[in-house]
C-alpha cells in the first residue's frame, strides 16, 4: 500500500543506522510474473464454474468468491507496476492528482483482496459446518439464491470498508482496526472449525462414519486457511511494526523483508487454484475438459 511504502522509505535510513539488516530487494519481474499467473489461474476457476452447470452450487459460488479475492490481489500488483512504468517514462507527474487517485484505487484493490479473502474463508467455513451437521436440510438452508445474496452483502461491505481504510489510512486507529480484523476473523473461523471437528468426532463415534465428501471439504478448508495465514500474516505483522516501532533495530530487521512478504501474498493467489483442483475431483475434471477443449474423456 502507498502509505506503508512511503512510510517505509522515510524511516528506512534512520532504522538502518540502528540495524545491520539491509532491505531485501527483489526484481519487479518476479512480482509481475507471479501476478500474471495468479490472475490467469483464478480466471480459469471462474470460467470453469460459469461454463459447467454441475458446478453452479453454493459451495463453488463461495470458492469463486475466494478466487475473485485472489485475482484482485494479483491485479493490484499488475496495475501498480504499470503505474510505476508510466511514471518512470514521464507520462505521469510524480505525486500528481492523477497518480494519487490511481494509487488510492490500486490500494483499494489490495485491501479488498484481503477483506474478501477473510470473508470468503469465513463463509466457506460456515458452509462446511452446515454441510456436515445439517446434511439433510442443507439444500433447504443453503440455496443458490441465498448464497448469492450473502456474497453480494459481503462484497458490498468489503468495498465500503476498503474505501474507508484507504481514505483514513494515515490514522493510527485505522491501522489498528485493519490489523485487528485479521486475527478476529481468523479466530471466528478457527472457533467454528474446532467446534466442527469436535462435533464430527462425537458424531463419528455414534454413527461409525461421516460422509467422506463432507469431510474432504473440511480438510480443503484447513489447507486453504493454513496457506492464507502463512501468506498474509507476515504482511499484517509488518504493518503493526511499521506503525508502533519503526525505528527499533529488531523491527527494522523484520521490515527489511517487506518485498519478500509481498511475494508471499502474490503466491497465495497462485497456490489456491491448485488446492481446489487437487481436493475437488469435479473441478479437476472440469479443468481438464476446458484445457483440452472438451476432448478429455
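Glycine too: its Cβ is placed from the backbone N, Cα and C atoms.
Unlike curated records, TrEMBL annotations are generated automatically.
Computed from a predicted structure; not experimentally measured.
Some features that TrEMBL has for this protein:
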- 30-50: transmembrane segment (TRANSMEM)
- 41-276: domain 'G-protein coupled receptors family 1 profile' (DOMAIN)
- 59-79: transmembrane segment (TRANSMEM)
- 108-126: transmembrane segment (TRANSMEM)
- 147-169: transmembrane segment (TRANSMEM)
- 175-200: transmembrane segment (TRANSMEM)
- 221-244: transmembrane segment (TRANSMEM)
- 256-278: transmembrane segment (TRANSMEM)
Is it the case that the transmembrane segment (59-79) and the transmembrane segment (175-200) touch, counting contact as three or more CB pairs under 8 Å in which the residues of each pair are 6 or more positions apart? no
For the transmembrane segment (221-244), which stretch among 108-126, 147-169, 175-200, 256-278 has the most Cβ pairs under 8 A? 256-278
Take a look at 108-126, 147-169, 175-200, 256-278 and tell me which one has the most Cβ pairs under 8 Å to the transmembrane segment (30-50). 256-278
Distant-in-sequence neighbours of the transmembrane segment (108-126), which means Cβ under 8 A and at least six residues beyond its ends: 1, 59, 62-63, 65-66, 68-70, 72-73, 75-76, 79, 150-151, 154-155, 157-159, 161-163, 165-166, 178, 181-182, 185-186, 188-189, 192-193, 196, 221, 224-225, 228, 232, 268
